[in-house]
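Chemist: Shown below is the structure under consideration.
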Amino acid sequence: MGSIGAASMEFCFDVFKELKVHHANDNMLYSPFAILSTLAMVFLGAKDSTRTQINKVVHFDKLPGFGDSIEAQCGTSANVHSSLRDILNQITKQNDAYSFSLASRLYAQETYTVVPEYLQCVKELYRGGLESVNFQTAADQARGLINAWVESQTNGIIRNILQPSSVDSQTAMVLVNAIAFKGLWEKAFKAEDTQTIPFRVTEQESKPVQMMHQIGSFKVASMASEKMKILELPFASGTMSMLVLLPDDVSGLEQLESTISFEKLTEWTSSSIMEERKVKVYLPRMKMEEKYNLTSLLMAMGITDLFSSSANLSGISSVGSLKIPQAVHAAYAEINEAGRDVVGSAEAGVDATEEFRADHPFLFCVKHIETNAILLFGRCVSP
């Protein structure tokens, strides 16, 4: 499964570079892993250059066994699709330690005949699978149905993923992908230690935020050459943790963003660099929800055929003109004090000399510990 982690990390930073162009000073939140798994679902039925483009952009071409035929991909257990399924099953199963809801599905115009093997395969591997709806004569009802499904899958959190007029009678296919995350820390922050303090959005501007605080032993690294610090906070599940990448300076985010990459993050978070130390941690409460048009994002990254008349999705349906004109990704994350073990009050461990104070813009990610797959990646400019 490790190679999937590498692919998702590489893809994560490719997406980040592209989103940054259009969201220069905004909060950002997306799930590289969820987008990757959705593209894997499409990849199963893509042919020719449509397939080659997905292969390249999502780095599947570097993974063993990914290019096999649909029969081979569904029939074997030791391949990438089943590894993706195993991670998805692990992170989305009912758990007291966190709630991680994923809604990912393809919707096709009901008059198109879908290849039975494809239907069977995506159902088996990707739960959401493919659903037929009537865009042709009831586009708005179809939109309502899709929105209701995403809302129910994310426990009411992500609503109206498809905006009015995003589908019409000409729509052949829509791809929706949404993720909602609420985590429980391994070590809780005590609510009474949370205080309202200024968060410095820029050198000139600040805003009051609810700043959580605790003192504890955490993996941390100070990178003098990169002018930043990294902190790892484990979630109670034991399967995930959150990395916070904090520039030393209020205006240091730009430098961090221009240097960060799959290779760099792997190096920075290696056991030779990060070590467990006693730290005073200050982290703002966060509630973030972002929505992105995947069509324009993926086209800019090199997946162009899928969204145009050049698309070859003959592994999904024999209809010659089938393409995906509309693809949307939504992500939600809530970070607060809640945790499994309540440690003593922050004042009890005043012997910690090191401080990690996230009171200015930073990057963060939620990762799957076993595989290093990046489940969520975010930029917090203004909590």
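Note: Cβ is positioned from N, Cα and C throughout, glycine not excepted.
The following feature annotations were taken from Swiss-Prot:
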- CYS74-CYS121: disulfide bond (DISULFID)
- ASN293: N-linked glycosylation site (CARBOHYD)
- ASN312: N-linked glycosylation site (CARBOHYD)
- GLY2: N-acetylglycine (MOD_RES)
- SER69: phosphoserine (MOD_RES)
- SER345: phosphoserine (MOD_RES)
Chemist: State the Cα to Cα distance, in Å, between CYS121 (disulfide bond) and ASN293 (N-linked glycosylation site), rounded to an integer.
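Modeler: The Cα atom of CYS121 (disulfide bond) is 26 Å away from the Cα atom of ASN293 (N-linked glycosylation site).
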Chemist: List the same-chain residues at least 6 positions away in sequence whose Cβ sits under 8 Å from the Cβ of ASN312 (N-linked glycosylation site), in sequence order, or say none.
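Modeler: In sequence order, the residues whose Cβ lies under 8 Å from that of ASN312 (N-linked glycosylation site) (at least 6 apart) are ALA46, LYS47, ASP48, SER49, THR50, ARG51, ASP305.
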Chemist: Under a three-state reading of DSSP, tell me whether ASN312 (N-linked glycosylation site) is helix, strand or coil.
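Modeler: Coil, per DSSP.
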